[in-house]
Amino acid sequence: AQSKLSYDGAFLGKLCPSYLVDAQHCVWYGECGDSKIAGKKYNCNYTGPPKPLQAEGHELLAELCPGYDYGDRSLCCDVDQLNSLKGSLQLPLQFLSRCPACSSNFMNLFCELTCSPHQSRFMNSTDFNGPSVTEVQYYIGQTFTNAMYNACKDVQAPSSNVKALSLLCGKDAKDCNATNWIQYMFNINNGQSPFPIIPIFSDVPVSGYTPMNNKTYACTEGLDDGSGPCSCQDCTKACGPKPVPPPVPPPWTIFGIDAMTVIMWISYSAFLLIFFGAVLGVWYYRKRTIMSEYGPILDSNNPLSLNADNPDQVNASCCETLGERFENALRTLFSSWGSFCVRHPSVVLLGSLILVVGSSGGLVYMRITTDPVELWSSPSSQARQEKDFFDSHFGPFFRTAQLIITTPIVDPFLYSPYFGGSDVPFGAILRKDILHQVLDLQLDIESLTATYEGQTVTLKDICLAPLAPYNTNCTILSVLNYFQNSHDVLDHSAGDDFFVYADYHSHFLYCVSAPASLNDTTLLHDPCLGTYGGPIFPWLALGGYDETNYNNATALVVTFPVNNYLNDSVRLGKARAWEKEFVKFMKNFKNPNLTVAFSAERSIEDEIDRESKSDISTIVVSYVIMFVYISLALGHINSCRRLMVDSKISLGISGILIVLSSVSSSLGIFSYCGIPLTLIVIEVIPFLVLAVGVDNIFIVVQAYQRDERMPQEELHQQIGRILGDVAPSMLLSSLSETVAFFLGALSNMPAVRTFSLFAGLAVFIDFLLQISCFVSLLIRLTANRLDIFCCAKLPEGQETRTDSFLFRFFKKIFAPFVLKEWVRPIIVAVFVGMLSFSIAVVNKVEIGLDQKLSMPDDSYVLDYFKNLTMYLHTGAPVYFVVEDGLNYSSLEGQNAVCGGVGCNNDSLVQQVYSASLISNYTTIGFTPSSWLDDYFDWVKPQSSCCRYYNTSGEFCNASVVNSSCVHCRPMTPAGKQRPEGEDFMQFLPMFLSDNPNTKCGKGGHAAYAAAVDVYPDLTGVGATYFMTYHTILKESPDFTEALKMARILAANITEHKMNISPFPRSIFYVFYEQYLTIASDTAFNLGVSLAAILAVSTVLLGFEVWSAVLVSVTIAMILVNMFGVMWLWSISLNAISLVNLVMCCGISVEFCSHIVRAFSISVKNNRVERAEEALAHMGSSVFSGITLTKFGGILILALSKSQIFQVFYFRMYLAIVLLGAAHGLIFLPVLLSYIGPSVNKAKVFSANKRNAGTERERLLNY
């Protein structure tokens, strides 16, 4: 564009001829004398007219000042000055050239300053050193100043995830304005200006000088040379309105109260009204018809038909007959099997032993998975596949060892800058003596050595060094790296005997504003870059500050990134060995002035492992208590004389060994198949199988103890008959649980799937061993031998058989009370009330797993988690990965991704940038780094970055001074365009190998070497990523929401750009993905389990569908009530609690199925009597077999150091047992007494016929 010189020479000559002469007056020309700034020169004082530019400078002038057609006119600069100008402005132009309007205005400022033939109009030399000009005043129009700033204020620096002005203004971009930016650039302390240039801003003439007010371009305008307007990312005005997050949906309320609460209150009230109305109506009706107190509400049974004089006349339906025949077939089968086991105990026991030992032999192949990824993320899940893709293309995320350091000293202090300005408060953690102590700690950690397989391992061997091999210093993200990790630099100050002009305070304040600076603007002139060659962003190294007032920090964060390795066990082993030494060192570290929370990559895994080992004693005590109880409770002692005979300790121990054998067999069989175990399997399955197995053992033993042998009936026949009676009930519960568990293995969650497989097989093997081994051992009940001391035998004597106390309690007190007419409605009302409450809060159960719960109470990691939540301000990095297939060599492919000039407004980078503008909603905290945009800036011919030796074609770094180094692309209109085709691929490897330096800040080696997967033959670019950061995430729902929002953003990019399909990747995604679908997974798993229980129960209850429905409904009520308990007891829904809910489904079968089956085969006259008989006979076995067995063991879990045990095992197990017992022993009998299935006439007829004329008929009638 034509410069706005604002002056028409002829017109001004007529008005003021002398002024025209002054307009052509220079203030300097040429260079002479070295500046105080190393490598810089002063300009020579010259007040004569402009001189013609040498021919060799024409091209350079056109490069630096495009659009200024000086032609053959004379200038106030020579070629040397132009070269100096180019060298000084290389770095800022590399960042600002993303926006043509910005860079044009910026160069306008410096071109006018350096070369304008009208210098004397707006410049005044104020200080000289011999022939050299050592200070000038530069009068700049305020309009020009504001326009230049407005065009540049939004320009991004992609590799740093910050705005370019943060790197070029000497302070954070938010604190930079139109005037202080120019003041900083003209300040000698910035290391680039060779002498002070004092800017004076005004739109009106000042002291006879007319400020330079050239034409400017807004960032929304294109240039006259064809350059387009700046992109939305670099120019907010080009974006249109700022994106607005959708409003948060209001909570669902009715009359201002939670809707579910209101609905369930109304539903519960309506139920009570209808139910009690029906009860009162039936009671009134019965009083009028003088019915029995225990008459059912719906009299579907006709007792006369059951006790008819002619028993051959039975009006049984087809379904009832089929059920009776199936029941009879099972009874016959199990009776024959029981008789065989008693007659051939040696064969059965030996065969079982061989099978158990053979199955358990697989334990030698047992693998225990402790890798959290394997535990919580399915190989087929989206996050897992994305992780595998990322790791295979870019390598796994680096490991970290991190310190969060605070101090008990709480008093902040004030720093008063020498050169004026308000006092700056500093947090106590930034006291110099504290920083020295932190640096001592940091240096001690750097010097740690570990040993791995006889080799010494140091931090340098394993650390992340992005500029290696040129710079092998480790990356250490620490405030001390602003001082190059040096005590001397930290103590560096500038001053005299009276004042301190600059010290660590001023250097710190500068570096947190410009972390990539190579030279601060204070008198110290120390660099801010870390020793590893990269910036230390303050939001990563400081904590506990407000907004961006980093000086208020209350915590220091020191991070040691350590290389991670994929499929390299040796190097990974070295990293883990060093981390172990690091943890050991930090555990022993003591300093009264420092409070240090720390963690290494291996810390969580180590602490979980320690926790598991420490909980072994708790688990053992828990099982010992249950074993002791079982051994003692199985016996039924009739008299003191028979104490050692009736105690049955050995039988109890045998039952326990059978349970353990079934567990070991299940583990062994799946170990043969190569399926690894998890800690959940090891901790939960013995508990589950013990619950199921012990219940069955009590049922068998107590059935025998209550039975009278019939006349002429041998022992094997009696035990066979007993097994025929109880084994179908055992089969019902065991098969229901087995099928339910195996169907639960359909889950995508590895922990749930593994548990379901192992549990299903263990329960089924346990059932098989109980009906074989245990039945063979039942012969000990009749041998009259002393328990344990089996060689001794009591003399035969007549003993009176009595019922156990628990059986008598259930038969005489508990069952009659529960089924009293006035008690039953109260029980229904209470349990339906519990159900209503649980339904109302089921959607309020929190989803996720607080990572603090996974640690022991005394773990050092808990302090780290606490400090992480309290102090950190930045979340985990998130990578938007573009898979292979996009053609980056084409304009279309570039525009779909990039964020600079000419890129699509809905490109990947632009959409991520837009998301960062509403970070509170999207959780995307920063503008993404973009290798593609930085590559375009790097390869421009105006930049000194991309050069090669014209002799060999090899890359020539910008810091190299060699005449054979030439620009990669010509200074032509075509050369200034983006590279395409072969050009694009030719220079890309050079960009990715170039280290940033003072001449070129855009080198891609440090930032992007791992971000671009270049094909080996340089035919194209494969997968790439664009990195940004999440906002700070504190609680489990925050992490889940962050994953959800990142995927929504990626899907939106895909929708707009059909040729690319990016996916987001962050380190925590594999762990939190499960929570996106945990609610539906839970509903699916529990629904499938209930469906399996319904199907199996229908068949094994003799095709009595209604009985199976009642079992399933009661179990469903228990599960819903479990959610109510989870809400009350702050138990979140996650994989662990889902495993427990699946287990709850299985254990609930034990509480319910035996009662329902006993009810279905009862031949009493009405529902109430049948329910009472079922509760009396089965209730005591269920109560003693499950409830009491588990209760003692569960209470011990409360003493565990593990918070997971306390929350997910103690609390949930206790709830499972109490809810199961309450529903199975209280609610279910009452429900059966109201709406239980009608008596099966075919079964009653068969039972009467089978027992006719026997002693059993008398017992049944009794």
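Note that Cβ sites are derived from N, Cα and C of the backbone, with glycine treated the same way.
TrEMBL annotations: computationally assigned, not manually curated.
Taken verbatim from TrEMBL:
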type	residues	note
TRANSMEM	262-285	transmembrane segment
TRANSMEM	347-368	transmembrane segment
DOMAIN	615-780	domain 'SSD'
TRANSMEM	616-637	transmembrane segment
TRANSMEM	649-671	transmembrane segment
TRANSMEM	677-701	transmembrane segment
TRANSMEM	755-779	transmembrane segment
TRANSMEM	822-842	transmembrane segment
TRANSMEM	1083-1101	transmembrane segment
TRANSMEM	1108-1129	transmembrane segment
TRANSMEM	1135-1153	transmembrane segment
TRANSMEM	1174-1200	transmembrane segment
TRANSMEM	1212-1235	transmembrane segment
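The transmembrane segment (649-671) shares the most Cβ pairs under 8 Å with 755-779, out of the stretches 347-368, 677-701, 755-779, 1083-1101. Taken together, the residues of the domain 'SSD' (615-780) have an average pLDDT of 79. Remark: the transmembrane segment (1083-1101) contacts the transmembrane segment (1135-1153), by the rule of 3 or more CB pairs under 8 A. If you look at the transmembrane segment (262-285), the same-chain residues 6 or more away from its ends with a CB under 8 A from one of its CBs are 254-255, 291, 297, 821, 825, 828-829, 832-833, 836-837, 839-840. When Cβ-Cβ distances below 8 Å are used as the criterion, the transmembrane segment (1108-1129) is approached by residues 831, 834-835, 837-839, 841-842, 844-845, 1086, 1090, 1093-1095, 1097-1098, 1101, 1137, 1141, 1144-1145, 1148-1149, 1151-1153, 1156, 1207, 1211-1212, 1215-1216, 1219-1220, 1223-1224, 1227-1228, 1231-1232, 1235-1237 of the same chain, each at least six residues removed from its ends.
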